[in-house]
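Below: one structure, written as structure tokens.
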């Protein structure tokens, strides 16, 4: 079951409305009010369809219709309402006083829909601008696209600078790894240098009674202290700079260990005696 036709199609006039027909329709609606559009053609003496009479009155002959071009604020509101309501033109027209759904639909299909489609494809939001800028609505992402285009044009105009920029951006500082092959030994420099003719201070000794034992321990202590003064440095044995021979560091470490063993051996012999 389809919807019943509003009127018979035989003998119905089609095409543009004349001023005489407009006056007859306006006079009838003002006298009888809106509604019952199927009876309007017969009572008004019009050879038109009832639907055609209704649309002619609502879209063109109403006294409260707002004439003129759609303003920029109205364009912005139409775009926002279309995002929420879609193609429900009657609901959109109800929020724009004086505008008809047919006018809004035609304006969207002819002008505004193309701009909104281009803005949605670019991934930006639409902002309605003032008329002195030369455009009614421009996407917010246009500025980013313009900057990208200017940068690419500058690179094409000056290829040498573009190559320099790429090289400087790709240069990364990477420190060279240094391999440490041994332990780090730190020695403290003796702050009291030994003058000529002075004797080394004994590290362990008694009074006047322990002559032989004290003499042997003093000799060992003197040898150890002298070896420490000779081989002492503020820097570690393994500096790792690679400028000198690394065998010198090994020899210095070996001599220190031998002198240390001699000193321990002397201490042990003195305690046992």
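Backbone N, Cα and C atoms are what each Cβ position is placed from, and that goes for glycine too.
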Out of 37-61, 62-86, let me know the one Swiss-Prot marks DNA-binding region. 37-61
Among the residue ranges 196-220, 221-245, 246-270, I'd like the one that Swiss-Prot describes as region 'Disordered'. 196-220
Which one of these stretches, 109-136, 137-164, shows up in Swiss-Prot as region 'Disordered'? 137-164
According to DSSP, how is the DNA-binding region (37-61) divided among helix, strand and coil residues? 17 helix, 0 strand, 8 coil
